Amino acid sequence: AGVVLGPSLLSRIQRVKDFFIQASAAKYYQFFSFVCRMLFMFSIGLETDVPYLRRNIRVVSIVAGGGSILACLFGGPFFWLLIKVFNVTKERFAFYLLTLTVLANSASPIVIRMIAETKFDTADLGRMAIYSSLVNEMSCVTIVSTLKAFSSSGRFGGAILITLVTVAVIFVNKYLSYFFNKRNQNNRFVSNKEIFVIMFLLTCLALYAEWVGYTAIFCCFLVGLMFPREGKTARTLLHKLTYSVNTFILPVYFGYTGFQLDISNIFNKLTLALTVLMILVSVGTRIVGTLAACHYLMIPWNESVILSLLLCLKGNYDLILINTNPNPNMVWAADLHDFLLTVVVLNTLIIGPVAAILLNREESSAQYPTILEILNPESELRILACVYVPRHVSGHVSLISALGGCPTAPIKPYMVHLVELPKKRKSKLMYHQLEDGDQYSDEEEYGGNDVLEINDALDAFISETKILVHQSKIVASFLTINEDVCNGAEDLRVCIIFLPFHKHQRIDGKMENSMEEIRAINQKVLRHAPCSVGIFVDRGQTGFQQPHGSQCVQNIAILFFGGPDDREALACSKRILMHSKVNLTVIRFLHKTTASRSSNSWINDASQKDEEVIMAISNIGTENEIDNAFVETFYNRYVAQGRAGFVEKYVSSGQETVAVLREIADSYSLFIVGKGGRGTCPLTSGMSDWEECPELGLVGDLLASSELDISGSILVIQRHRHSEAEGGFLDD
């Protein structure tokens with residue numbers, strides 16, 4: 001759109017030119033682009049996934065550096081060619097840095113928006129592209145700024161002052177965030193005046209950096225990156241910035257980038273040839289270098305091609321250098337300025353659509369693990385927890401706490417507040433009639449005081465455990481809200497959805513039906529979920545408590561009868577047993593006819609690799625043999641190492657199973673069991689006679705009923721029903 005409006009096309013018409021290109025327009029556009037740049041770089045830093053970046057900094061750095069290093073090697077000869085053609089006699093060092101930046105830099109805002117638009121920001125490919133471009137661009141900014149600082153004594157002092165001021169702003173923001181959170185304990189968000197204070201400090205820092213002669217993008221990014229994530233201040237900043245940055249600021253900034261292009265300046269044959277040559281050198285070196293880095297890291301070929309194309313996108317820091325004078329008494333020649341600007345804009349216009357097409361094609365065929373059984377216990381686990389009212393939060397954060405108890409097994413939890421859409425709004429006040437702090441979207445009015453209580457509970461949990469929970473809200477009719485939950489789970493690429501049970505525990509310990517609508521929603525989600533689902537029956541007063549910060553150890557039992565759902569429950573326990581405050585025991589129920597086979601007959605190799613077991617599973621025919629293989633590898637890896645307990649119970653009917661369950665009813669604070677999928681199982685025969693909640697399965701329904709009167713909480717897990725069609729994961 002910017003190219004169309006600019007001097008290349010519509011601004012050739014005199015009336016359009018007079019409107020857009022006025023006497024003071026250039027300074028106005030530059031200042032507006034500075035404000036946009038400051039806000040979106042702060043927003044990018046605020047949204048950066050620091051744990052992911054910390055875990056994958058080596059991989060991201062290799063991918064980012066592969067193409068940049070090769071581009072710098074080819075940049076030397078190309079630099080001397082440009083010097084001869086454009087007769088550059090002064091500030092050659094600054095021109096050399098400019099040339100290398102144009103060749104080696106990647107525009108992180110463009111990459112981030114393209115990834116987000118194609119819904120790849122939750123995929124490993126998308127996140128690798130985002131953080132590779134960020135590392136690439138911030139490295140270019142740091143290197144160029146450092147070399148400029150050492151090339152002039154005056155600039156060196158300015159660089160030191162910028163660093164000190166940036167550090168000071170970071171520490172002040174930490175104090176202000178804590179103060180504003182404490183000051184607004186009874187509010188959903190902090191006030192506009194308090195947000196203005198933070199934005200004022202950021203603007204002062206950015207203006208000072210630009211005044212000294214450096215770009216402010218790294219300072220603004222660093223301030224956002226180091227801003228405290230927990231509490232109402234960060235929530236308010238994200239709420240105010242995310243929509244405006246993505247909907248208005250970035251499109252206008254990108255439009256201004258294209259608006260600067262004037263293709264009439266490259267019609268000279270020599271300039272046109274140099275433009276084509278420089279684009280080929282920039283794209284070629286980036287693609288070859290990135291492909292080599294991806295080959296070294298053993299990244300699949302199709303993902304390597306997409307990564308290399310995304311990192312070819314330009315139009316942020318390189319444009320800042322092009323439009324910045326090398327010194328106060330000199331400006332770049334007009335032909336040189338137009339040439340470099342044309343290279344940057346045309347490079348993105350050519351590569352951008354190609355990368356978008358490949359991303360859309362990859363998105364349609366992309367697969368991700370939708371069951372825990374095939375997920376590496378040490379890889380990232382993505383969870384979506386659904387809550388309706390504040391009392392659901394404690395149980396779900398307890399599960400998140402248990403699953404996130406090991407630093408080597410990362411977890412990325414999301415919590416969504418499900419709110420029923422009312423038929424009619426009560427308030428008819430206009431925007432200017434609202435009180436300070438109420439000028440938010442209509443959706444923010446839904447949920448009442450529940451929103452505040454849920455936010456406070458999550459803030460306390462995040463502050464105590466340092467596990468960042470990403471919050472969102474779905475406002476829809478309860479008749480169709482299950483579709484939004486399933487679509488959200490698919491977009492977030494979660495591996496399991498946790499749903500609350502429709503009954504809650506009263507003060508006397510009994511279970512009471514609270515919201516019958518929840519039961520219908522749970523049943524719909526179980527039928528249509530794109531991943532595994534867990535229904536949590538919370539008995540928080542007498543049952544499972546949050547392990548983090550707890551003085552006592554939580555005893556958890558896995559009830560294993562056999563079948564895909566029980567294997568999924570056992571796979572979930574692999575994460576839970578890593579927590580230091582959890583004592584986990586697997587109780588396997590077997591038919592008495594198998595009692596002659598001792599468990600020690602198959603427990604003999606504690607060093608057996610999981611890969612071998614998975615290959616064996618893919619070749620086994622019966623469910624029973626699959627169960628044996630899965631339990632065997634679990635025993636060898638965890639039980640034999642003393643990290644979990646293992647008990648076998650031999651029964652012949654459902655009545656004996658119930659008797660065993662009565663014996664252990666008060667021994668554990670949490671029972672984890674599969675929903676079903678066992679076929680005709682003699683171990684549970686006759687248990688369906690008192691079935692009340694089929695969505696919990698036979699065993700789960702019995703545990704949740706008043707028949708056993710247990711005090712522990714219950715987690716019933718259903719394996720993703722369509723995962724068999726995604727057999728590629730087992731092959732991998």
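The backbone N, Cα and C atoms fix where each Cβ goes, glycine too.
Unlike curated entries, TrEMBL annotations are predicted automatically.
Taken from TrEMBL, the feature domain 'Cation/H+ exchanger transmembrane' applies to 1-356.
Here the transmembrane segment (59-83) has Cβ contacts under 8 Å with residues 53, 92, 95-96, 99-100, 103-106, 128, 131-133, 135-136, 139-140, 274, 277-278, 281-282, 285-294, 296-297, 299, 307-308, 311, 336 of the same chain, all six or more residues outside its ends. Look at TrEMBL and you will find 59-83 (among others) tagged as transmembrane segment.
According to TrEMBL, the feature transmembrane segment maps to 95-116 (among others). With a cut-off of 8 Å between Cβ atoms, the residues of this chain six or more beyond the transmembrane segment (95-116) that come close are 40-41, 44, 64, 67-68, 71-72, 74-75, 78-79, 82-83, 88, 126, 129-130, 132-134, 136-138, 140, 144, 147-148, 246, 250, 253-254, 278, 281-282, 285-286, 310-318, 321-322, 326, 340, 343-344, 348, 352, 355-356, 359.
TrEMBL lists 156-176 (among others) with the feature transmembrane segment. Within its own chain, the transmembrane segment (156-176) has Cβ neighbours under 8 Å at 145-146, 148-150, 194, 197-198, 201-202, 205, 208-209, 212-214, 219, 222-223, 226-228, 233, counting only residues six or more beyond its boundaries.
The transmembrane segment annotation in TrEMBL covers 196-229 (among others).
The feature transmembrane segment is assigned by TrEMBL to 241-259 (among others).
What TrEMBL records for 271-299 (among others) is transmembrane segment.
Taken from TrEMBL, the feature domain 'Cation/H(+) antiporter central' applies to 414-546.
In the predicted model, residues of the domain 'Cation/H(+) antiporter C-terminal' (556-720) average a pLDDT of 80. Annotation source TrEMBL lists domain 'Cation/H(+) antiporter C-terminal' at 556-720.
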